[in-house]
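Quick notes on the structure that follows.
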Amino acid sequence: MTVHKQIITNRVAFLEKKVPLYASALGLIGLLVLWEIICSTKIVSPLFLPAPSAIVVTGWDMLISGEITRNLGPSLYRIGLGYTIGSVVGILVGLILGFSKWADAIGTPVVYAIYPIPKIALLPLFVLWLGIGELSKVTIIALGVFFPVVINTFSGVKSVDQILIKAAVTFGSNHFNVIRKVILPGALPMIFAGLKLAAGTSLLLLVAAEMIAAQNGIGSMVLHYGNLMITTKLMVGVLVLSLLGLTFNRLLQWLENKLLPWR
Amino acid sequence: MKIVIENVGKTFTSAKKEQVTALEDINFSIDEKEFVVLVGPSGCGKSTLLNIVGGLLSPSSGSVYFEGMMDKEPNLAIVFQEIALFPWRTVYQNVIYGLEEKKVSKQELKEKADFYIDMVGLTEFKDAYPKQLSGGMKQRVGIGRALAVEPDLLLMDEPFSALDAQTRTLMQEELLTIWNRTQLSTLYVTHNIQEAVYLADRVIVLSRHPGQIKSIIDIDLPKMGRGEEQYRDKFERYADEIWQLIRNDAVEALKE
């Protein structure tokens, strides 16, 4: 008589399924190929949808002629300055709101009252107050960055384990050191979540502000070529913006890995 | 120098707005180089008492003070049940935390850190983050951090309760060895009777509702080697005595 064997196999193997590295490029390449094919068959007019190859060629020309750098410079300045101011102030205010019960009681309702306003709606007001120059655009970006950062920092502070604060105080920390050595590092993962969220917001506000009130910048360039119906150049602007967003995210990711090696 | 706990009481307001007496009339003192263990069933307020002594909670009545300290701030250190290491600091950085706050010189800081890291047997793991360590190793860091400040009173709040039984036994042995080298005045909280008899010079048994001192028992056994055969009978008698004191309360606690 043969012994009947019922072998038990791992029924959750699909959870650990490995996918080859090239798979992540597949979707992107597929989309570009499809796009190129559609354009080369002339189903749609290049006026409405220029081919990827045409965009790259035009982009290269615009790079050589200095048109991209001429517009990218001011954009980088606005977003760089606005983002830095917004996030630094946001982190500071978030730490204070999170740490001091008084500041929390007074400040948090104010933050939540202003938070839901779409910041771009305030641009005309800022132009009125601060003029049409760089200041109004930097301010609107800073403000847009400030809110997600402040709210994330605040909840980051609140999520710091109380026992760590007790430990720090037991070992002699004063309030300032508790904030600097326990609350700030403890809230940092949440702060980074806020910074990433704010990166998207800042890009959006940059383009919107430049479309409404600017002579130069990528946003104004995109709008300009849209008005002239030069779609290829418009798409170059869009490409630059997407690369800008990508770089921004990568930079933040790199910084996060650098600052949070303990995670 | 000794630490006096005088008429300490603590009442809380419960969620139902009732006054709950957690501790009542607690009086005892801890002598220099004495290892005192607080033992009691769950809910007897032993951790509350330790937090009051450690300055993390204010008593509703009574006070805790150091006697015979020459005009210097008493220096406390706590080893937490939750371990409470700073996850963003390496073993070394965790151990020096208290020393940093005391503004000791760079040289001294490094010497002391190395000394105590060696004492808890973690020299190899100096640069590891807490996340990379096992439970037992984490609590060694916790102990190292507390020892490094060379406290006038060392407080330990069920430090090994999160560890598995085997690790726990080893850590108890190791703690005794370390304690023998440092001879710090210690207040240790546990619900484990064997642990209490194994470690204590004196066991303070607490009852619940309200938390009061039920009995204070001097453990008349040599500090080292209590686990040995020749002391087994005496050890068991102490353990049994304490268990008889706690038993009823523990049964009550189970019903809640």
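Every residue gets a Cβ built from N, Cα and C, even glycine.
TrEMBL entries are annotated by machine, without manual review.
Summarising the annotation, TrEMBL assigns domain 'ABC transmembrane type-1' to A:72-252.
If you look up TrEMBL, you'll see A:21-38 (among others) marked as transmembrane segment. With a threshold of 8 Å between CB atoms, the same-chain residues lying at least 6 positions outside the transmembrane segment (A:21-38) that come near it are 44, 49, 51-53.
Feature annotation from TrEMBL assigns transmembrane segment to A:44-64 (among others).
Annotated transmembrane segment per TrEMBL: A:76-100 (among others), in sequence order.
Per TrEMBL, transmembrane segment is recorded for A:112-131 (among others). Counting residues 6+ beyond its ends, the transmembrane segment (A:112-131) has Cβ neighbours under 8 Å at 139-140, 143-144, 147, 151, 201, 205, 208-209, 212-213 in the same chain.
Sequence annotations record features per position, and here TrEMBL assigns transmembrane segment to A:138-157 (among others). Panel annotation: around the transmembrane segment (A:138-157), residues 78-79, 81-83, 85-87, 89-91, 93-95, 97-99, 108, 111, 114-115, 119-120, 122-123, 126, 130, 183, 186-191, 193-195, 197-198, 201-202, 204-206, 209 of the same chain, lying at least six beyond its termini, place a Cβ under 8 Å from a Cβ of the stretch.
What TrEMBL lists as transmembrane segment is A:191-214 (among others). Beyond the transmembrane segment (A:191-214), the same-chain residues lying 6 or more positions past its ends with a Cβ under 8 Å from any Cβ of the stretch are 74-75, 78-79, 82-83, 86-87, 90-91, 94, 119-120, 123, 127, 132, 136-137, 140-141, 144-145, 148-153, 156, 220, 222-223, 241, 244-245, 248-249, 252, 255-256, 259-260.
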Positions on the same chain near the transmembrane segment (A:76-100), where near means CB under 8 A and six or more residues out: 107-108, 111, 134, 137-158, 175, 179, 183-184, 187, 191, 194-195, 198-199, 202-203, 205-206, 209-210, 217
